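Working notes for the structure below.
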There are 2 protein chains.
Amino acid sequence: MAVKISSASASFDEEIDRLLMSKREISEDVDHIVRDILKDVEDRGDEAVLAYTAKFDRLSVASMDELKVTEDELNAAVAQVPTETYDALKLACDRIRAHHEKQLPESSSYMDPIGVELGSIWTPVEAVGVYVPGGLASYPSSVLMNVVPATVAGVERIVMVVPSPDGVLNPLVLAAAKLAGVTEIYRIGGAQAVGALAYGTQSIAPVSKIVGPGNAFVSAAKRRVFGRVGIDMIAGPSEILVVADEGNNPDWVAVDLLSQAEHDPVAQSILITDSPTLAEEVAVAVEKQLETLPRADVAGESWKNYGAIITVDDLEAAMALSNRFAPEHLELAVEDPDALLPLMRNAGAIFLGRYTPEAIGDYVGGSNHVLPTARSAKFSSGLSVLEFVKRSSILRCNPDNLAQIGPAAVKLAEAEGLGAHAKSVAIRLNR
Amino acid sequence: MAVKISSASASFDEEIDRLLMSKREISEDVDHIVRDILKDVEDRGDEAVLAYTAKFDRLSVASMDELKVTEDELNAAVAQVPTETYDALKLACDRIRAHHEKQLPESSSYMDPIGVELGSIWTPVEAVGVYVPGGLASYPSSVLMNVVPATVAGVERIVMVVPSPDGVLNPLVLAAAKLAGVTEIYRIGGAQAVGALAYGTQSIAPVSKIVGPGNAFVSAAKRRVFGRVGIDMIAGPSEILVVADEGNNPDWVAVDLLSQAEHDPVAQSILITDSPTLAEEVAVAVEKQLETLPRADVAGESWKNYGAIITVDDLEAAMALSNRFAPEHLELAVEDPDALLPLMRNAGAIFLGRYTPEAIGDYVGGSNHVLPTARSAKFSSGLSVLEFVKRSSILRCNPDNLAQIGPAAVKLAEAEGLGAHAKSVAIRLNR
């Protein structure tokens, strides 16, 4: 049973603070192991990657060639996928692509009042690596969410790495890779795969950016190669926060809460409502649904340890509280979500109204499901096309406007003690 | 004397590779020291910050209050700045603000063909920390470049930290802070300042994002707190790459090269030209100017160890090479820069034509001078307003369009073994 907190309680603030501070991540200290693996991959390349793959994935092969997924294997995987599932994957892919196409920033420039030209040129990252976890957390939907924005951005080379412990690969994941537009796939994982992508090996050319979720080893490796390559966020356990009024079906709210809880025993599901009645009804509904849920063990543990039902005086208070949680997913299951939306300050993705369960955004809504967790929506955004492009600024002066603004630059350069800076402007003023 | 490389040479590729691989960063291993400092600041707060400030900055005070810069101190600093310098700073600030105001992304949403609403809401980060180095590298222009985009984004709380070794602070830096719109200033620095910003102390409320350059301790600390807060890039030594045709004044090109070289003995300045004549003339001009340059020691060392003059067959080849260097600053000192611009793939900022020396962008051009170094322009962009806002995606279905796309979501959730996900959609379909 989740914790129940009421704003009527004298200890409300304290209880909320406790909830906000609760650490849900088990931070395994794998950094020294990862450092050694990365160093080894940087030094020995393929040889090191093959050795770690044999050791960790129990997959012994003679050369990297054998770990590269061929076009035939890809087609065979697609053939294995039931038609209905393939069609669903295709619908998801098309909808994700259509939405992300609207995110492409446009290069532009303008003249300022004195004729200086300023602007931005957006170009795609040339090569991107996408990490896809093996085993249970190997989700085809995540492949779409990570790869499609890269293809929309115009990334030419998209290298997917996915470990195949004991040689086993999920055909759906390969089908998603093909649909989305991955250009190379290697059956490698862990820190060794991150190292191969960042440093390159004899067989794998290096990439400029690495995205995608992974276990503690993968996260530590991404953090270490950051700077050498770009990385996306370090993803934490999933979260949902539902702001709900009285007019909800408690079963609907309950299953939405459980849909995050079933991800992970350290996932977090929170309901904030202005209706004590709904609070009670949802609490009951959750317990009831747990009786029949296939992943009840996982969901139940998450709900018991990290779930919360919070009652507040009004929905404005609910929004203020939600902003402090900065949830990955925020459902506004209320009569008039548009009235609450302007109060939102921090959230990864927002699901409006009673007919937008979070799970629709996980698959076919079209928006991205790679979202900031663990309060990081306070400073970062979900994955988008912007993650796969970069901006070069442009500046153009002519003799006249350089004469107008140049002297100030000379003054500031002198004040900073940078003589060549000053001279590089001054020399162009003395014509 | 810088290295000279010609595409006519048989060893051209090899020499370019060597130049690309040359390591310019001295990676001091300060990570274990930084880890301990951060832990201490997290545990003890103000007390730890005061202790490290006494130890590293030789500045012993009884409470954090004494390290907070007051309005009076700020005004006194402004009064100390010569009028002409202040006016130059003001011009720079105004121009930077005017340009960055054009970068503000707009929230928007649309209905897709089946009536699903998708969109993005952009909101400012609520609190940002700006690290400003003390001592020699304490540049007022950098204060403007880091702070103005945050104010334009709408950040409410902008906390500047700047160490004042032995109590000394640069009045120009304080004047820039006031002009730009900093809301709190503390005279603290190093990993302890980064820790105070990230975790908060009894006196300093935590921020959500930390930007600004610093030494090895500051960089290591930023890397460690990344995730808890957002950070900007890890900045490396400065770089310039000048693509020049024959029609240049070699003195102009030489001083532009030296304007980066004077920053740091490990800065890098590269000329690529299709004119062997210009190559020779610039080589001579650099040596001549080094004779009178105030910071000739620094600039000379950088030029000798890391400078390069590369001659190629044509300007297209120059651009292809430039893309591999992915320079922080790219000058296109050619007759027709617009003909080369479409060939640019990787660069932080581009300066077009003969009358746009890079230094104009450092101060008064209006674009940002915080730019990606060390090839990171391959995957990242210069500082902009985008760094201080974040995007929340929105999604809204109604019963009809949920009925259209919901079954595919159910199918995919089932394929991924996520029963509650499937049920959260299915329960809304069976009306």
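Don't overthink the numbers, they just go from 1 along the chain as shown.
Backbone N, Cα and C atoms are what each Cβ position is placed from, and that goes for glycine too.
What TrEMBL records for this protein:
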BINDING   A:Y131, A:Q192, A:N215  NAD(+) binding site
BINDING   A:S238, A:Q260, A:H263, A:H329, A:D362, A:E416, A:H421  substrate binding site
BINDING   A:Q260, A:H263, A:D362, A:H421  Zn(2+) binding site
ACT_SITE  A:E328  active site, proton acceptor
ACT_SITE  A:H329  active site, proton acceptor
Between A:D362 (substrate binding site) and A:Y131 (NAD(+) binding site): CA-CA distance (Å): 18
Cross-chain proximity of recorded positions to B (CB under 8 Å), evaluated over A:Y131, A:E328, A:E416, A:H421: A:E416, A:H421
DSSP-derived structure type at A:Q192 (NAD(+) binding site), helix or strand or else coil: helix
A:S238 (substrate binding site) and A:N215 (NAD(+) binding site), Cα-Cα, nearest whole angstrom: 14
Between A:H263 (substrate binding site) and A:E328 (active site, proton acceptor), the C-alpha gap once rounded to whole angstrom: 14
Cα distance (Å, whole number) from A:E328 (active site, proton acceptor) to A:E416 (substrate binding site): 44
Residues A:Y131, A:Q192, A:N215 [recorded NAD(+) binders]: greatest CA to CA distance in Å: 13
Which listed residue (A:Q192, A:N215, A:S238) has most other Cβ within 10 Å, given these are binding-site residues: A:Q192
Proximal but sequence-remote residues of the same chain as A:E328 (active site, proton acceptor) (Cβ under 8 Å, at least 6 apart): A:S238, A:E239, A:I240, A:A347, A:G348, A:A349, A:L371, A:P372, A:T373, A:A377
Least surrounded among the binding-site residues, given as A:H263, A:H421, when other CB atoms within 10 Å are counted: A:H263
Most Cβ neighbours inside 10 Å, all chains, among the binding-site residues A:D362, A:E416: A:D362
CB within-chain contacts under 8 A for A:Q260 (substrate binding site), separation at least 6: A:S238, A:E239, A:I240, A:A267, A:Q268, A:S269, A:S302, A:H329, A:E358
Other CB atoms within 10 A, centred on A:Y131 (NAD(+) binding site): 28
